[in-house]
């Protein structure tokens, strides 16, 4: 499923959760009523939560939530989630990579082992085959360790999240 489809579905879920009168649009009043219901009639907490959510989503402060405003909120939320999970996901990526490419089982990849990763995807990463060492091999020992791989995968995930957020939704 592509990113725009996911964002569209998130927006639809948002509208379904907060559009209590089912008129197809979400206003700050809809948000307030939804929170009031979820907070068992606690006016103070509902007002507070509404204020926080509205100040986060309603960028033009008109009391209404456009598709673009809700989609931007969903993209930013997804970016934060990716960033929070980047460390754990990177470790899983590293484990999978080591299982497949660490032929001598020394828990690090030689230049040859590392380049197999890229060849398996149909390309060589750089015109200068040693350039990966300059980028990933932080301790300059000629091999890529678990920690170096984890940092590399983590950075790739965070860069991806940043790119998604910067590009934003197609409105």
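Glycine is treated like the rest: Cβ placed from N, Cα and C.
Each residue in the domain 'EF-hand 1' (6-41) gets a DSSP state, and the totals come to 24 helix, 2 strand, 10 coil. Residues or ranges marked as domain 'EF-hand 1' by Swiss-Prot on the basis of sequence analysis: 6-41.
Here Swiss-Prot flags 19, 21, 23, 25, 30 as Ca(2+) 1 binding site, drawing on sequence analysis. Of all the Cβ atoms in the protein chains shown, 11 others lie within 10 Å of the Cβ of residue 21 (Ca(2+) 1 binding site).
Residue counts for the domain 'EF-hand 2' (57-80) by DSSP state, with H, G and I taken as helix and E and B as strand, are 15 helix, 2 strand, 7 coil. Feature annotation from Swiss-Prot assigns domain 'EF-hand 2' to 57-80.
What Swiss-Prot lists as domain 'EF-hand 3' is 89-124, and the listing cites sequence analysis. In terms of DSSP helix, strand and coil, the domain 'EF-hand 3' (89-124) has 22 helix, 3 strand, 11 coil.
All protein chains considered, the CB of residue 108 (Ca(2+) 2 binding site) has 20 other CB atoms within 10 Å. The feature Ca(2+) 2 binding site is assigned by Swiss-Prot to 102, 104, 106, 108, 113, with sequence analysis given as support.
Among residues of the same chain six or more beyond the domain 'EF-hand 4' (130-159), those with a C-beta under 8 A of the stretch's C-beta atoms are 82-83, 85-87, 89-91, 93-94, 97-98, 107-111, 114-115. According to Swiss-Prot, the domain 'EF-hand 4' annotation covers 130-159, on the basis of sequence analysis.
Here Swiss-Prot flags 137, 139, 141, 143, 148 as Ca(2+) 3 binding site, drawing on sequence analysis. DSSP assigns residue 148 (Ca(2+) 3 binding site) to a helix in the three-state reduction. Taking Cβ-Cβ distances under 8 Å and a sequence separation of 6 or more, the neighbours of residue 148 (Ca(2+) 3 binding site) in its chain are 136, 137, 138, 139.
Each residue contributes its Cα atom, and for residue 23 (Ca(2+) 1 binding site) and residue 104 (Ca(2+) 2 binding site) these two points are 63 Å apart. For residue 113 (Ca(2+) 2 binding site), the number of other Cβ atoms no farther than 10 Å from its own Cβ, over all displayed protein chains, is 19. Here the CA atom of residue 143 (Ca(2+) 3 binding site) lies 10 Å from the CA atom of residue 106 (Ca(2+) 2 binding site). A Cα-Cα distance of 59 Å separates residue 30 (Ca(2+) 1 binding site) from residue 141 (Ca(2+) 3 binding site). Across the structure, residue 25 (Ca(2+) 1 binding site) and residue 108 (Ca(2+) 2 binding site) place their CA atoms 54 angstrom apart.
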